[in-house]
Amino acid sequence: MARANSSRVTEFILLGLSDERELQVLLFTAFLLAYAMVLLGNLLIIAAVRTDPKLSSPMYFLLCNLSFLDICCTSVTAPRMLVDLLCRRKAIAYEGCMAQLFFLHFVGSSEMFLLTVMAYDRYAAICRPLHYPAIMSRWACGLLVSSCWAGGFLHSITQTLLTIRLPFCGPNAIDGYFCDVPPVLRLACADTRTTQWLVASNSGLISLACFLLLLASYVPILLAVRGRAPHGHCRALSTCAAHLAVVTLFFVPCIFIYLRPFPTFPLDKYVCVSYTVLSPVMNPLIYTLRNSEVQESLWRLWKRCRA
């Protein structure tokens, strides 16, 4: 990094959420608890779905994949963040930064696509119940989930290639607790305006399109349940409201971060907490653990483990 023209950044410094020691300890405790909840809740869901034949419907197959993605998404950022909260110098190698960027977008965009597929699954189950077995057959579910992973990979490799081709010669301080495209692009020693627009049109439009499709899927669902018994109607509204709340918690921050050309705002790193920590904590509670069938399956799993 000493030679002006041939120098290259070999590591980045993560500034984190705060430089106050007392607040760092508090954040470490809170994020450690959140990460433990993500691991425990989602691993229980995966174990219940994989071991209970009664949870073999397409909905639970998709929920099992969502739980796996939640674990992966949180594990990309949380362990590093927890270590950095206890360290004074928060450095990450250039290669590690690019790897974190790639995997974050890989699992994050795959989860966006999967949440959209889950919305389609609910629409098919409620609005087209007679055709549902054919629409969401085992082959169709496998194809849809594979498409989510493939779409996530294509999106992520595009973001990574757009970033990795840029020169970095200093400064190397990232205002955040993980490597992401917007803050990293700010450090490039080149004109990144074209790259910024390409990233916004890719990540931002994907986030917005998936969110709008999710919202649109709830319209026919709510119209379909409107004529049912009051108890069933209220239960459906409660479920839809809970789903919309956690989906909004995930998508709206992503839209705020990515659907605009940079520069970044100081608020961005706090907004990122929503979809890297809070949303993965809420997903198992909202989507699965409130479900009576899953609760019964977990109870049966607990009794088998004690036997």
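Just so it is clear, glycine is given a Cβ too, placed from its N, Cα and C backbone atoms.
For the domain 'G-protein coupled receptors family 1 profile' (41-287), the predicted model reports an average pLDDT of 86. Residues or ranges marked as domain 'G-protein coupled receptors family 1 profile' by TrEMBL: 41-287.
Tertiary neighbourhood of the transmembrane segment (25-47): same-chain residues 17-18, 63-64, 67-68, 70-71, 74, 78-79, 81-82, 85-86, 277-278, 280-281, 283-285, 288-289, 294, 298, 301, selected by CB-CB distance under 8 Å and a gap of 6+ residues from either end. Feature annotation from TrEMBL assigns transmembrane segment to 25-47 (among others).
Residues or ranges marked as transmembrane segment by TrEMBL: 59-78 (among others).
With a cut-off of 8 Å between Cβ atoms, the residues of this chain six or more beyond the transmembrane segment (98-118) that come close are 59, 62-63, 65-66, 69-70, 72-73, 76-77, 80, 92, 144-145, 147-149, 151-153, 155-157, 159-160, 163-164, 178-181, 184, 203, 206-207, 210, 213-214, 247, 250-251, 254, 275. TrEMBL lists 98-118 (among others) with the feature transmembrane segment.
Residues 58, 61-62, 65, 102-103, 105-114, 117, 202-203, 206 of the same chain, all 6+ positions outside the transmembrane segment (139-158), place their C-beta atoms under 8 angstroms from a C-beta of that stretch. What TrEMBL lists as transmembrane segment is 139-158 (among others).
Taken from TrEMBL, the feature transmembrane segment covers 205-225 (among others).
Feature annotation from TrEMBL assigns transmembrane segment to 237-259 (among others).
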